[in-house]
Amino acid sequence: MQVSKRQFLKGVGALLAGASFYGVTRSPQADSTQAAEATPEIKYAMVHDENACIGCNACIDACREVNHVPDGVSRVKIERSGPFGEYPEQSYRFSRVSCQHCEAAPCVRVCPTGAAYIDKATGIVAVNSDRCVGCQYCIAACPYQVRYIHPETRTADKCDFCQKSRLAKGLEPACVEACPTKALTFGNLKDPESDLVKLLKAKPSYRAKVDLGTRPKLFHIQTIDGEIML
Amino acid sequence: MSAFHFEGLVWHWPIAIYLFLAGLSAGAVFFAIMLKHFKLAHEAWHSPFVQAAAIIAPVAVFGGLGILVFDLTRPLDFWKILVFYNTTSVMSMGVLVLMAYQLVLFAWIACVFQRRITQLLGKRLPIVQRLLNWLVKQEAAITGILVILAISLGAYTGFLLSALIGFPLLNNPVLPLLFLISGLSSGAAATLLGGVLLRGNPNGVEVRFIHGIEIPLILVEIGLLFTFFAGLILSGGQSQVAALNALGFGFWGWIFWAGVIGIGLTLPLAFNLWMKVSADRKFAYVAVTASFSLIGVFLLRNFILYTGQMTGT
Amino acid sequence: MYRITPCTALLLVSALALGLTGLMSASTFAADEQASRSCIKCHKRNGKLEGVHASPGLAILCQDCHGPKGTHPKKGSTLNTFGPDSPLTAEQRTEICLTCHDHQALGEVEWTHNVHANRLGCDQCHKLHPETDPMLSLNTQQHSQLCVGCHKVKQ
């Protein structure tokens, strides 16, 4: 019995050694070209002013065109509720549903290969499609249900604040530019002079499902119009 | 809302089969080890029940992994899961456990059937012979690690779902325990069914031993199911909505009450208790009881997977 | 490509229903029909009704929408006119359409009806004289751009 106990401990030791070895191959960060700075200067976020939004879906069309999003899936949706009030004075409420770029992103936590990652330089939650195997764990894990499998690449896809298509060229995300009523404000949370921070300080805003501890970076300014909902 | 297609559904039945097979494999191994350790010792290798478990465990785990791989949208890229790891991902850690489990499982099977393998090999392949002898010396360690890995694998099938924070029915601390216990009982059932099909004695020491463990296991499972849903209902909010939606009238309500509770738990419990008092067990009794148990566990996996994804936070 | 959208389906069904009631009381309209024919004598081009509203079953007459001839074409005409030069308010023009159409049904088919109910006249988007109403053939992008066209705020 003494011998077998020692052998058992040996086995456990081997297991632990193996477990520490995988740390070498593990690197969820896709393009870790720059060293992880202690305090990154950029943390992108977005505000959707639901009072200004008219539900025209121009943001959806612009996103589809710029990011080559095929029909049947979408990186952004505008959820409509209503009508509120009596005819002919009726109104609707609109809420943007798209990637919230969570600081504690559930999709990044569950991704087995590290294909879902947070870009340390910008705070953007992004997808490295080369690593994605399509297990769809991230799609199930996202409480905001904004991820989908891209029908052509067969990998997980979602809003990346146009990181690949427009930010690199110094342009704002396509949806922000397309919005006719300026309901969308994009900017750097770390810059106190940005329109984004000024807007967030001027108007009360809310974020969806904060009780899940996801710390999302998509802010909403709630509609004043219409009835009080319980 | 249809039972198999609804808004927000991400994971379909192949995942339920995978969860079922992984738990079944872990359970079969667990009971085979228990049989060898407590009852059969060096006679284990010619017990049809241990033989059945030694066939079922690897076949189930391979089958489950195969289904998992084909359920990927890019099945040919599955190797990336083996190369890249993410410590915070339950799936990634589960894959690690699965890999280690398969390795140790084969080592254990080799230990148990060493005598038979040696007979078959004769004087050929002396290197295999030496490897076998070395493995047999490590059998205690292998057995210990395999028990830990089998329990980890059984619990992992639950943790995989309970990590989904957006679904209150799945994001539940009782779920891994529930899946572990039901996985073990499905393993017991599969071992019994396989054993009697391999002409094992339905009134033998193995069947009596496994049935002795199965009765408390079923009682624990009923208790866990009660805690699971009582906890959800008492949490209020969307958790309550999810629980009542799952248990209420409708397709999945029927699956739960008739399939999981009726066929899966009540009937096997009744049969087991009956067999305990009646003089001897017959083939049909053992086979039918085991089949009911298996059906119940399989339905439970589907029930949790589908109803879990019906209600978000 | 011609697709039956929920909107066109609704139009067809209501056209059929109205047509049936129209047939049953066709004789009572004989006098009005004469009056309607007299409009066409002058309005050969711009008086022609070709769209769904021209379905024979509906038996829509000029005066059903434009009102009785009155003193037209002399001074002090009380005819209802539509389009950008209309002297009627948006609400008055919409009221005429709502004699047949149900605002609730319209709102269910296309939610934007509801938010423009007392702000725009139907004629500001819809055309019922031509063969096809431009609003019925919009794709999603054109639909969005229609909103953008009016709602665009200055930089």
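Numbering starts at 1 and runs along the chain as displayed.
Cβ from N, Cα, C; glycine included.
What TrEMBL says about a protein is an automatic prediction, not a curated fact.
As recorded in TrEMBL, the features of this protein are as follows:
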type     : residues  : note
TRANSMEM : B:15-35   : transmembrane segment
TRANSMEM : B:47-70   : transmembrane segment
TRANSMEM : B:90-113  : transmembrane segment
TRANSMEM : B:140-165 : transmembrane segment
TRANSMEM : B:177-198 : transmembrane segment
TRANSMEM : B:218-237 : transmembrane segment
TRANSMEM : B:249-271 : transmembrane segment
TRANSMEM : B:283-304 : transmembrane segment
Before we move on, state whether the transmembrane segment (B:47-70) and the transmembrane segment (B:177-198) share at least 3 Cβ pairs under 8 Å, counting only pairs 6 or more apart in sequence.
yes
Are there residues at least 6 beyond the ends of the transmembrane segment (B:15-35) whose Cβ is under 8 Å from a Cβ of it, and what are they?
44, 47, 49-50, 52-54, 56-58, 60-61, 63-65, 67-68, 71, 98, 101, 105, 108, 112, 143, 146-147, 150-151, 153-154, 156-157, 160-161, 179-180, 182-188, 190-191, 206, 209-210, 213, 294, 297-298, 301-302, 305-306
Any chance the transmembrane segment (B:283-304) and the transmembrane segment (B:177-198) have 3 or more Cβ pairs under 8 A, given the pairs are 6 or more apart in sequence?
yes
